[in-house]
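*Asks:* Got a structure here, written out as structure tokens. Questions coming.
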Amino acid sequence: MTLRRTAAPPADPSNEPDSMPLPVMPGSPMKRNRAAQTAPTLKTNSALDPAATAAHAQAAESHKHDHSHHKKGKKGGDFVETAVDCNSINKDFDALLNPFYYSKSLTDPINTAQDKWNLLPAFLKIKGLVKQHIDSYNYFVEVQLKKIVQASAEIRSDVDPNFYIRFHDIYLGNPRRADEEQDSKFDLASTITPNECRLRDMTYAAPILVDFEYVRGRQRVKRNGTAIGRMPVMLRSSKCVLSNKSEAEMQLLQECPLDPGGYFIVNGTEKVILVQEQLSKNRVIVETDLKKDIVQASVTSSSNERKSKSYIILKKDRIYMRHNVLSEDVPIVILLKAMGIQSDKEMLLLVAGIDSTFQEDFAINFEESVKLGIYTQHQALEYIGSRIKINRKPNSFGITRRNHVQEAIEAISSVIISHVVVENLNFRPKALYVAHMARRVLMAKHDPSLVDDRDYVGNKRLELAGQLLALLFEDLFKKFQFDIKMNIDKVLKKPVRTEQFDAYGVVAIHGNHITQGMNRAISTGNWSLKRFRMERAGVTHVLSRLSYIAALGMMTRISSQFEKTRKVSGPRALQPSQFGMLCPSDTPEGEACGLVKNLALMTHITTNDEEQPVRKLIFALGAEDVQTVGGRELHGQGAYIIFLNGSPIALTRRPKFFLNSFRRLRRTGRVSEFISVFINHHQNAVHVATDDGRICRPLIIVEDGKSKERDDGIRRLLGSWSRGVFGL
């Protein structure tokens, strides 16, 4: 007797008692499974997308050929394995990118929250996950490097006043081996690749080239393309050999096409600079110390020339300025007098405005200047100059030190609150900034809710590889200049010389200091900058290659400078302002919990934008120059001060109109999309920010309850990627 296995007849739903078809929502698993069982291929609208039809016809044909080689699954379902040809991917790009998940195509309107998920793959294909590292490094190499050198472009000799070395330009060459000629006059195309550096334990670096002129005897000599050191090159940056390479070219260079880049190779080891979390630079932070009964407003000034921290302190109902350059706290009235605000009434209006409560609180400060007998600007400068710590040595020409007034002018203009620029000894912008800080202190005294939260995301900035390398290079370049100056002075002091002194050899010799400093910092992870009193450890880590996701996760990790051993809950707590910017769950256990964070998928970190065009735009939108108005108008009814990167520059009486006009220009592409503008009604201020390190997240604009993002926006995103942007 032979047994035969027969297929069971399909169930008739009409025979089932009380049977009802279950409702199926678009995109639900039931609908997707049912579609997979009933149809071997996906249906598309061929009239809308002929490329999609061709792609799926090809897939169906391959399905038929492979059908005989695979087992049949239960209920007639097939386990299909198809090989993907790279050429067909490139040809039928639109078809492959057509989002069939959620049963939607690109031609359908975007109405529901589920449709927004279509934006995520489009966004990531354009941006990738490590673009912020690469953008930061590119900005450092192309912009910041030149600004650092321009800020200290000249080396003068103390022995011979006619001798100088002046740097005109600085730029990064193409990556080369350390044993190859570095100067640009030897224009040899190097064949170095990142993989060779990994295998041979080399550093993947490029020469730092300068154009400079100097004095030789009675001649001026110019030299171009002289190497002063080597700088590690970030993979996939604009200076890397992998930049803008296709998948096939990446394979020829023995690199993984999916490798995102964003790291360095030093002595054959892959090193990644972790994102560092810092408090905002050039922003006023108001804090209180209940134990000492102190309210203070602090600002960390950062410019290419100088970095310093200034405090305005309220203690015993009096307001003082505190700074490292001053041997003792200076009363604010004396400081404002030194800055040219000589009228007591104008001073009162600048700080307190027309509010009688603030006026009463501030009036007590005038007693200090009366007791000390200081009534004029000259007397105030004398007072401050006598309290300045002088570290400068008298020079060799026999010129004596400057008097107290000159020292005070120098300190006020370039050291105290150094990010506010003083031009032609016009101290009014700086006086307005000091008055603003004093007003913030008085406001916090009366309303404790106006004290700033240090853990708020808006008060933080993220330092990327570019900013950290800029700090390191600035410190090394200053040391490089100092070594050259010492060497030159030593030679020029000799009364008898057999030949004319040529400074070219001195410049070339000292370049090794920059190379060693950069390599040491990246390989050890210790950022030790004596000039800025900065000591950081663990800035760089070896790139984890445990898996592809592990490497990507390391690139998006944020490291805080807060001491891990301190048992404080504040910095570790989950901040509501982190929503959409930082991952709420991806943080380690133990003492690093909440201090080591990870960026969200769609987070963007800004690079610096030029201030000058934005400044012109602010005035073009009808704002008044803040220097032309008095204290009464400054804090009058409905007046809002406009701050650009923390500095007061203009006044507007129509803040809502200004905000809407600025946003309209931003949305139409007239200004950069990463320039932020917002109103702070508590402080009567409009803040415009163009600085780097701000955390951004994409938002969909909604007007009158309807989304402004349409399906053609996603198509443009995907189209721009297919035109050659090689991303994740």
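From the backbone N, Cα and C atoms, a Cβ is placed for every residue, glycine too.
Per TrEMBL, the features are:
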| type | residues | note |
| --- | --- | --- |
| COMPBIAS | 35-46 | compositional bias 'Polar residues' |
| COMPBIAS | 47-60 | compositional bias 'Low complexity' |
| COMPBIAS | 65-74 | compositional bias 'Basic residues' |
| DOMAIN | 128-516 | domain 'RNA polymerase beta subunit protrusion' |
| DOMAIN | 281-463 | domain 'RNA polymerase Rpb2' |
| DOMAIN | 542-605 | domain 'RNA polymerase Rpb2' |
| DOMAIN | 642-703 | domain 'RNA polymerase Rpb2' |
| REGION | 1-76 | region 'Disordered' |
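Tell me what's around each of these sites.
*Replies:* If you take every residue in the domain 'RNA polymerase Rpb2' (281-463) and average the pLDDT, you get 87.
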*Asks:* Based on DSSP, tally up the residues of the domain 'RNA polymerase Rpb2' (642-703) by helix, strand and coil.
*Replies:* 13 helix, 23 strand, 26 coil
*Asks:* In the domain 'RNA polymerase Rpb2' (542-605), how many residues does DSSP assign to helix, to strand and to coil?
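*Replies:* The domain 'RNA polymerase Rpb2' (542-605) comes out at 14 helix, 12 strand, 38 coil.
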